[in-house]
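Here is the structure we will look at.
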Amino acid sequence: MSARDGNTASEWVPTGSVTVRVPGKVNLYLDVGDRRQDGYHELTTVFHAVSLLDEVTVRTADTLSLEHVGEGADSLPTDERNLAWRAAELMAEHVGRAPDVAISIEKTIPVAGGMAGGSADAAAVLVAMNSLWELGVPRRDLHALAAQLGSDVPFALHGGTALGTGRGEELATVLTRNTFHWVLAFSPGGLSTAKVFAEIDRLRAEEDRTLPPRLESPEPVLAALASGDPAQLAPLLGNDLQPAALSLDPALRRTLRAGLDAGALAGLVSGSGPTCAFLCTSAGAAVDIGTDLAGAGVCRTVRVASGPVQGARVVPAPSTAG
């Protein structure tokens with residue numbers, strides 16, 4: 001096959017590499033509706049991008065490849081089962097080219113941790129290929145491609161804080177007047193998003209009396225974010241999936257309790273879990289609480305983070321000027 005037929009990138013793709021940093025997310029509010037006919041659940045959520053970043057580098061290559069290093073790297077597939085791989089194929093298909101890139105991902109976001117690390121990496125691949133190949137695909141089209149890949153991928157492009165509706169892919173920017181400080185507690189294992197959603201369906205079908213009432217309007221959360229006051233935000237944090245995550249991984253109750261005992265304003269399971277996120281009064285308080293939590297024996301590791309931060313962005317190349 002020659003380069004002239006448009007199916008290879010060899011004669012017109014710039015050489016080199018592009019690196020993109022992309023954040024994980026915490027769901028400050030996650031209202032899960034009933035299961036829809038298409039298998040998805042209707043969601044209303046407040047996404048919040050935090051400073052736990054994966055770094056994704058995309059290079060020109062003879063064929064598509066994928067490698068990981070860092071957090072949970074050994075457990076991740078390096079083929080079409082990986083969302084980052086599928087993102088490369090989708091972008092290439094969108095512009096009529098072969099996906100001839102080598103993808104290297106340095107993981108910091110936990111795998112299967114409820115922080116959308118896989119979605120973040122997919123978003124980063126879209127941004128990196130758009131830059132590497134000098135495509136000029138507009139942000140609106142990148143968002144549409146992201147939505148084809150998964151519900152959380154558009155927010156990884158968007159970043160900041162956003163209200164998500166539909167299955168989470170329809171986004172509206174949320175005004176946030178402050179930097180919020182978090183302690184993130186990683187669990188020894190992961191939780192399957194599909195299994196957590198199935199568990200909340202089961203608990204609801206059985207009318208489990210331990211289930212808390214479903215969340216109401218997100219408006220108080222949005223008002224607290226606009227105020228910039230973590231003490232106002234703390235009692236409003238909520239996650240309809242948390243009872244399902246606790247049902248599948250009861251040890252998370254100890255983690256949540258330990259974070260509050262250490263002085264966090266509030267704690268909740270992030271998304272489908274099992275990562276637990278603790279809101280703190282300040283950066284200094286987050287360091288102290290993280291230190292206490294790390295020594296409590298209730299989680300695998302602890303990270304301190306802040307938000308909101310921007311979504312997937314190209315890392316500027318180092319200056320070569322003398």
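Just so you know, glycine gets a Cβ as well, placed from its N, Cα and C.
Database features, via Swiss-Prot:
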type: ACT_SITE; residues: Lys25; note: active site
type: BINDING; residues: Pro110, Val111, Ala112, Gly113, Gly114, Met115, Ala116, Gly117, Gly118, Ser119, Ala120; note: ATP binding site
type: ACT_SITE; residues: Asp152; note: active site
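All protein chains considered, the CB of Lys25 (active site) has 33 other CB atoms within 10 Å. Each residue in Gly24, Ile109, Thr275 lies on the same chain as Pro110, Val111, Ala112, Gly113, Gly114, Met115, Ala116, Gly117, Gly118, Ser119, Ala120 and has a C-beta within 8 Å of the C-beta centroid of that ATP site, without being one of the site residues.
Checked against Asp152 (active site), the binding-site residues Pro110, Gly114, Ala116, Gly118 differ in C-alpha distance, with Ala116 being the nearest.
Around the Cβ of Gly118 (ATP binding site), the same chain contributes Asn82, Leu83, Ala84, Val111, Gly150, each under 8 angstroms and 6 or more positions distant in sequence. Sequence-distant neighbours of Gly114 (ATP binding site) (same chain, six or more apart, CB under 8 Å from its CB) are Asn27, Leu191, Thr193, Ala245, Val269, Ser270, Gly271, Ser272, Gly273, Pro274, Thr275, listed in sequence order. With a cut-off of 8 Å between CB atoms and residues at least 6 apart in sequence, the same chain places Gly72, Gly189, Gly190, Leu191, Ser192, Thr193 near Ala112 (ATP binding site), listed in sequence order. A separation of roughly 11 Å, to the nearest angstrom, links the Cα atoms of Lys25 (active site) and Pro110 (ATP binding site).
Every protein chain considered, the tally of other Cβ atoms within 10 Å of the Cβ of Pro110 (ATP binding site) stands at 24. Annotation for the binding-site residues Ala116, Ala120: lowest Cβ count within 10 Å of the residue's own Cβ, Ala116. Secondary structure at Ala112 (ATP binding site), taken from DSSP and collapsed to helix, strand or coil, is coil. Cβ neighbour count for Asp152 (active site) (all protein chains, 10 Å cutoff from its Cβ): 28.
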